[in-house]
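This report concerns only the one structure given below.
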Amino acid sequence: MEAHSKMWTKDYSLKRRLWRRYSTPWQKIVSHSYEGAGTEEDPYLVTWLENGDEENPLRWSSSYQWAVTWLVAWTTLAASFASSSYSAAIPKVQQEFPGYSSQVYIMGVSAFVLGYAFGPLLWAPMSEVLGRRRLFIVTYALFTIFNAAVCASQNIWTLIILRLLAGSFGASPLTNAAGVVADIFPAEKRGSGMAIFSAAPFTGPTLGPIVGGFLGEAAGWRWVCGVNAILSGVLTILGTLTIPETYSPVLLRERANKLTAANDNPRYIALLRKHREKSPNTPLPPESRLAPAMLGAILLPLGLFWFAWTCQPSVHWIVSILANIPFGMGMVMIFLSLFTYIADVYTVHAASALAANSVLRSLFGVAFPLFTTAMYDGMGINWASTLVAFLALAMTPQPFLFYKYGKKLRLKSTFSRHNAETLLE
């Protein structure tokens, strides 16, 4: 399409809002020459403008990108906080709803995490159709509603069902927040953004039992769930007011629709084409992200074996506590490294890829609390912990194998191969 080939009488520029900080002038959009003939068979291909497209999330100011990252990290922290805070209030729930086995009360935790397994399978692909912002508003509002409804539960089964629903809707930021980070940061800066996001799933479960324990003793389990509702409600309001749409295919599709509406005859179709910033350095492959995971894969079982055989009366208690240092370092290294690796490999499909990752982790999170107490009672602390350590040891080769064979595996994946080709255009 030649520049100025048609007189455009209406200004379709996006209006600036609190949640839309950047807007590309309509005249700049329509004066751009798009590839194609504007027909059904050969529509105009709408891509980001190469020179100063303000709406391109990768071109936003660094301060704004970090503000968005911190906000979506908080939404993830609140969701993970809600999953664990209930665990500290279980004794109070038992007092109010007596007569069930311990596994039934633990199901309040397992049901929430089960929602983490099913929710991402729906929310991640939906975010790639509807956009990150719309999905966040709907799911987080429902997350708040079900958190509040838990407070009014009159029996244990209602509580469990409502916790399941809350977990399902609260799961959306676990994958979509990572998708936002992948949307707004280029590959060379994505690791730092992922570091902030990845801290949230660890911070929430750490704070949850502490806050839930004190609050449960002082005010009861209903107030523990009430705090979850208040926190998620505040973040729903903040997110609705400030979280922008970051998913480029959705933004470009809406631009293409406006171009079609403004010009009755030609047809436009959105085409995502990520342009690398010119750099004298050769871009590093995604496998370069795996170095921390390789170290973490060694530290994690080391910490578990250390804990397993120092957690006994004959050894000072601080020795087993110190085992958490290599364990914690290894866990964070693996989590951050693999999340960034997946985001680099799948880019625009990062949310769906991370959702698949989340499902497996969540299913383990559902099952293990139901038998862990019995396992430790039956096997003892030393051998039960050793079993877990051997499971971790069996997984140690995985990041090394991906580092060596990752490129070959990526070439066999339709989505990762397509994303790699897109980045090179």
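Even glycines carry a Cβ here, placed using N, Cα and C.
Residues or ranges marked as domain 'Major facilitator superfamily (MFS) profile' by TrEMBL: 68-425.
Residues annotated as transmembrane segment in TrEMBL: 66-84 (among others).
The transmembrane segment annotation in TrEMBL covers 104-123 (among others). Same-chain residues lying 6+ beyond the ends of the transmembrane segment (104-123) with a Cβ under 8 Å from its Cβ atoms: 82-84, 86-87, 90, 93-94, 135, 139, 156, 159-161, 163-172, 174-176, 354-356, 358-359, 361-363, 365-367, 369-370.
Residues 75, 79, 82, 93, 97, 100, 104-105, 108, 119, 123, 126-127, 162-163, 165-166, 169-170, 172-173, 176, 222-223, 225-226, 228-229, 232-233, 235-236, 239-240, 243 of the same chain, all 6+ positions outside the transmembrane segment (135-156), place their C-beta atoms under 8 angstroms from a C-beta of that stretch. According to TrEMBL, the transmembrane segment annotation covers 135-156 (among others).
Same-chain residues lying 6 or more positions outside the transmembrane segment (194-215) and placing a CB less than 8 Å from one of its CB atoms are 66, 69-70, 72-74, 76-89, 174, 177-178, 181, 223-224, 227, 331-332, 335-336, 339-340, 343. Annotation source TrEMBL lists transmembrane segment at 194-215 (among others).
Within its own chain, the transmembrane segment (221-243) is flanked in space by residues 18-19, 68, 71-72, 74-75, 78-79, 81-82, 85-86, 88-90, 92-93, 96, 132-133, 136-137, 140-141, 143-144, 147-148, 150-151, 166, 170, 180, 211-212, 215, which lie at least six positions past its ends and keep a Cβ under 8 Å from the stretch. Annotated transmembrane segment per TrEMBL: 221-243 (among others), in sequence order.
The transmembrane segment feature in TrEMBL is assigned to 290-309 (among others).
The feature transmembrane segment is assigned by TrEMBL to 315-339 (among others). Counting only same-chain residues 6+ beyond the ends of the transmembrane segment (315-339), those with a CB under 8 A from a CB of the stretch are 178, 191, 194-195, 197-198, 201-202, 289-293, 295-304, 306-307, 354, 357, 399.
Within the chain carrying the transmembrane segment (383-403), a Cβ under 8 angstroms from the stretch's Cβ atoms is held by residues 287, 290-291, 293-294, 296-298, 300-301, 304-305, 307-309, 311, 334, 337-338, 341, 375-376, 409, all 6 or more beyond its ends. As annotated by TrEMBL, transmembrane segment applies to 383-403 (among others).
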